[in-house]
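**Q** Below are the features I grabbed from TrEMBL:
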- 934-948: compositional bias 'Acidic residues' (COMPBIAS)
- 949-960: compositional bias 'Polar residues' (COMPBIAS)
- Cys493-Cys502: disulfide bond (DISULFID)
- Cys532-Cys541: disulfide bond (DISULFID)
- Cys570-Cys579: disulfide bond (DISULFID)
- Cys610-Cys619: disulfide bond (DISULFID)
- Cys648-Cys657: disulfide bond (DISULFID)
- Cys673-Cys683: disulfide bond (DISULFID)
- Cys696-Cys705: disulfide bond (DISULFID)
- Cys973-Cys982: disulfide bond (DISULFID)
- 468-503: domain 'EGF-like' (DOMAIN)
- 505-542: domain 'EGF-like' (DOMAIN)
- 544-580: domain 'EGF-like' (DOMAIN)
- 582-620: domain 'EGF-like' (DOMAIN)
- 622-658: domain 'EGF-like' (DOMAIN)
- 669-706: domain 'EGF-like' (DOMAIN)
- 709-884: domain 'Laminin G' (DOMAIN)
- 946-983: domain 'EGF-like' (DOMAIN)
- 988-1059: domain 'CTCK' (DOMAIN)
- 924-965: region 'Disordered' (REGION)
Amino acid sequence: MKSIQTLHLARNPFICDCNLRWLAEYLHKNPIETSGARCDTPKRMQRRRIESLRDEKYKCVEEFRTRYAGDCLIDAACPSGCSCDGTRVDCSRRGLKDIPKDIPLYTTELILNDNDIGKIKSDGLFGRLPNLIKLDLRRNQVTGIEENAFEGASKLAELQLSGNKMREVHNKMFIGLHNLKILSLSSNEITCVMPGSFDYLTTLHTLDLVSNPFVCNCHLAWFSEWLRKRDLTAASPKCAGPETVRDVPIHELPQHEFKCLSENDQGCLGDNYCPPKCTCTGTIVRCSRAKLTEIPRGIPPETSELYLDVNEIQTIQANRISHLKALTRLDLSNNQIGFLSNFTFSNLSKLSQLILSYNKLQCIDRDALAGLKSLRIISLHGNDISMIPEGAFTDLHSITHLAIGGNPLYCDCNLQWLSDWVKRDYVEPGIARCAEPASMRDKLLLTAPASFFQCKEKVADDILSKCNACYKSPCLNQGVCEPLPERQYQCRCTPGYHGKHCEFMIDACYGNPCRNSGTCKLLEEGRFSCECAPGYTGDRCEINIDDCLSHKCENNATCVDLIQAYECRCLPGFQGEYCQTKTPFCAGEYNPCLNGARCLDHFSHYTCECAPGFSGDNCTVNVDDCVNHMCQNGGVCVDGINDYTCKCEGDFVGKFCEIAPFVAMMYPQTSPCQHHDCKNGICFQPQDSNDYVCKCAPGYSGKRCEYLTSLSFMHNTSFVELEPLRTKPEANVTIVFSTTQDNGVLMYDGQANDCHFAVELFKGRIRVSYDVGNYPVSTMYSFEMVTDGKYHTVELLAIRKNFTLRVDHGLARSIINEGSREYLRLLSPMYVGGVPSDPGQEAFSHWHLRNLTSFNGCMKALWINHKQVDFTNAARTQKITPGCAILQDEEVMEEEKPYVATSTSSMLQIIRDQHEIMQHPAHHEVMQHQSALSDDDDDEEEEDESEDPCSQHQCAQGSTCVPRRPGEYSCKCQPGYSGKYCETAPTCNKVQTREFYQENGCKSRKPIKMARCEGGCGTSCCRARKTKRRKVRLICGNGSQYTKDIEIVRKCACTKKCY
């Protein structure tokens, strides 16, 4: 615009920093701006005219936020309530309950200490902070870190988490922190560390775990050795228990000292833990009728309903339930509970229903129910309660119903307060009756006048002793009884006596000098003898009688003396009680070789011939394929099975991270990426192209990465909610998924007492339940097993009463829900990958589903009625992650063929054939169809049954005919072909060259035989299909030399992956 004479720029929010200096210089030389354009920011430049400011006034004070303002890209402002200094963002002491979402991209140091943050969520936040180096979360309320929460924070080098409330460290907390060097977890409540928790932290050199109550049982033995090997003993934590190893540094404790003395010695439980003998469905935990003698450990903290009824629990251990902040219903009915101690439920502020009926309750301490401000219903019916202290119900502000009938209430003046209390709001329905004294017998608590509650008689000893264990003086020989919490007591004995009740005199048998359970018998003053248990002899029963003197061990076995018995320890190759039988190595259960190894029997021993990738005696060791890896540019090698992958640093890509990143902000002004519209990915300009393509983030697809088409389900409460399934004229569903979990919901839509459509994994197979409203329901199972971790395709077709299932393009199988109703009519939402708690319980109780566990794995694609589902349009999602990057191994050099949904016409033919086979309308057995479905493409609209436009198509070169509008079709070409009928062949080929290789001013010693890919590929790109790595020595101008690995093109082909 060399001839421009007038320029109007007013009323624009100009950022007058160094990026706008060029405009001021231009207007000084060419005074053509006449509208009075003024600065909007920064504050020091506000309202000042652009052309009147000197060049030195244009400074980049906010250099990080406005660094790319010249490219029209402005970073987020400093979060509200926080302060920003350079790249340091300080949000400390702000009372935050969650990490702010609007943290600027330039942030390298994020300070969040002294807030109320409760959990670090896996919401992708740290993946959006590519420059973050330090994260300070000290002195918060952090109780846990969700799996993959730090995925994408590849530059994070320091993580401060001290002074929080974490109880354990599990092995998926720190995934993605490949460059973490300093990790502080001191002053938490950590009792255990799960094996493999720090395997991802390959550069860690400082680990602070001091001031944590570690339980040094058998589950922590690995940690001692790990600390020594990694030389991380400088800030080593100490054991807090058991008592024998208290205050011993973990790294100094030998491995044999880490012992588990009972089944209660548990390790880390993890996020998806469900206690033994219990079932966990969503946030509901059921442990009913499990013969439990105590409340189980490790109940999930998100539990909303807990059922512990019909067990043998005797005491309520407050520490087992105090972490259940979301608990609303607790059922402890039909147990053996005898008392309620003070502050048992004080942390359960949301509890609204407490059921304690039909126990053996005799005593309720005054503050036993303290803190239950949300409690509406409490049932104490059918216990042995006689007296309740005044003030026991003070905190029950929300109470609407008190069930206290079936108790022998002692209605004297001490219980008058309770009668007045229930009369005030009528919270007791008039069932509770007095049992004593005689004058009050059978009178209702609700209606008895207050004047009747009088203290005229002496209260019976067995009533007073219910809350005072010392009332009946259990201590003998003038011992003094001292009451203890939870209705316990201890006896302080007079001199000369000992025992729980001071029942024993201190004599020659004091302390039982007899060993091995021998019984001490007093002979006379100062003398005793020992009566030995069977198998022992000696003055103190110290000698174990040798039972090996007449043993029956064979084949040179060794006899080991036991107590009144012996054991034969066999030589290798023999077994049996007396080692009389030759061990059949390699047969059935005696084959110890794992991971596909071959077992060889050598009579006295065996050997295993391991499959590639494994080693060890039983082929249990995965060979480290990263020893000689080829990852470049800082990529981290991740070991696989006979293979490895490279986890790339920053934006590097490629199998070996050999492809340099393309950052949109570094493109020149003429690049088409300057104004791209990629939604969920990065802009990429292919070589020799004037256009750009969008390289999508995991899970996203489409020309602009605008569709979310694949998901990972990683939690047992994950699900996606979609609109109801349309079933007229038919419903056609295709699912492509991968999983290793045998059970899980794939899809469900239905009403509780009416029709439904359910697809789930059950014991490794596909289970289908189909009911259009014709009783009984129709059910079938796939013959194929689909939980091997590979991708499987499940095709489902519902036409009226008919339902057809096909797995992996195999044989189709059908069922008919015969009856008067024709169509499946669905009005409720359809759920994918799992079901929420309430509709899930309804489906489970009506046998629509066999289990309520969410699908765990990758759902790579989902088609419903010929359209691929875009999950961004879902009504609701819970605990899902875009893409399948964590679960799959993507090949870089190979072109992935898109899945083509099955056409309705081929499925219709199967239904017709199936219907002819069915001889009786009421026949509901599963049948196997004898012909496979065809693979016709039908991606756009439903096919016209009367005329198939593809019947006489002209598509060439192996292309696929795709029906469009009635009478029309298009050709879907193979990669590289083009033209209306795909008649134009690709011209992509390899062109050989011989030239010097140059890089950074250095070049090879001699010309190298190389090649490049040239030619056309239609809408695809001509790229290297096969390459070979070669080492080349480069000589620089200053005389230095170095060796470089370069890729030599061996074969070219057409591919849609244009990078």
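Each Cβ is built from the backbone N, Cα and C atoms, and glycine gets one as well.
Annotations in TrEMBL come from automatic prediction, not curation.
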**Q** If we skip the immediate neighbours and take only residues 6+ beyond the ends of the domain 'EGF-like' (505-542), which ones have a Cβ under 8 Å from one of its Cβ atoms?
**A** 496-498, 563-565
**Q** Across the whole of the domain 'EGF-like' (544-580), what does the mean pLDDT come to? Round it, please.
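**A** For the domain 'EGF-like' (544-580), the model's average pLDDT rounds to 91.
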**Q** Should anything in the same chain at least six residues away from the domain 'EGF-like' (582-620) have a Cβ under 8 Å from its Cβ atoms, list it; otherwise answer none.
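**A** Distant Cβ neighbours of the domain 'EGF-like' (582-620) are 571-575, 640-643.
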**Q** Where the distance is taken from Cα to Cα, which of the disulfide-bonded residues Cys493, Cys502, Cys570, Cys683, Cys973 turns out closest to Cys648 (disulfide bond)?
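**A** Of all the candidates listed, Cys683 is nearest in space.
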**Q** Most CB pairs under 8 Å with the domain 'EGF-like' (622-658): which of 544-580, 709-884, 988-1059?
**A** 988-1059
**Q** Which of the disulfide-bonded residues Cys579, Cys610, Cys696, Cys973 has its Cα nearest to the Cα of Cys493 (disulfide bond)?
**A** Cys579
**Q** I want to check the contact list for Cys619 (disulfide bond): same chain, sequence separation of six or more, C-beta distance under 8 angstroms. What comes out?
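**A** The list for Cys619 (disulfide bond) reads Cys593, Leu594, Asn595, Gly596, Ala597, Cys608, Cys610, Ala611, given in order along the sequence.
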**Q** Within 10 Å of Cys696 (disulfide bond) by C-alpha distance: pick out those among the disulfide-bonded residues Cys532, Cys541, Cys982, and say none if nothing qualifies.
**A** none
**Q** Taking the Cβ of Cys705 (disulfide bond) as the centre, how many other Cβ atoms fall within a 10 Å radius?
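**A** Cys705 (disulfide bond) is surrounded by 20 other Cβ atoms within 10 Å.
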**Q** Checking distant contacts: for the domain 'EGF-like' (544-580), what same-chain residues at least six beyond its ends satisfy Cβ-Cβ under 8 A?
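**A** Distal contacts: 516, 534-537, 603-605.
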**Q** List, in sequence order, the same-chain residues at least six positions removed whose CB sits under 8 Å from that of Cys570 (disulfide bond)?
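**A** Spatial neighbours, sequence-distant, of Cys570 (disulfide bond): Asn555, Ala557, Gly576, Cys579.
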**Q** Taking just the CA atoms, what is the gap between Cys683 (disulfide bond) and Cys705 (disulfide bond) in Å?
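**A** Counting only the Cα atoms, the answer is 10 Å.
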**Q** So, three-state DSSP: helix, strand or coil for Cys610 (disulfide bond)?
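**A** DSSP call for Cys610 (disulfide bond): coil, neither helix nor strand.
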**Q** Could you check which of the disulfide-bonded residues (Cys502, Cys541, Cys657, Cys705) sits closest to Cys982 (disulfide bond), going Cα to Cα?
**A** Cys705
**Q** Considering only the disulfide-bonded residues Cys532, Cys541, Cys657, Cys705, which residue has the minimal Cα-Cα separation from Cys973 (disulfide bond)?
**A** Cys705
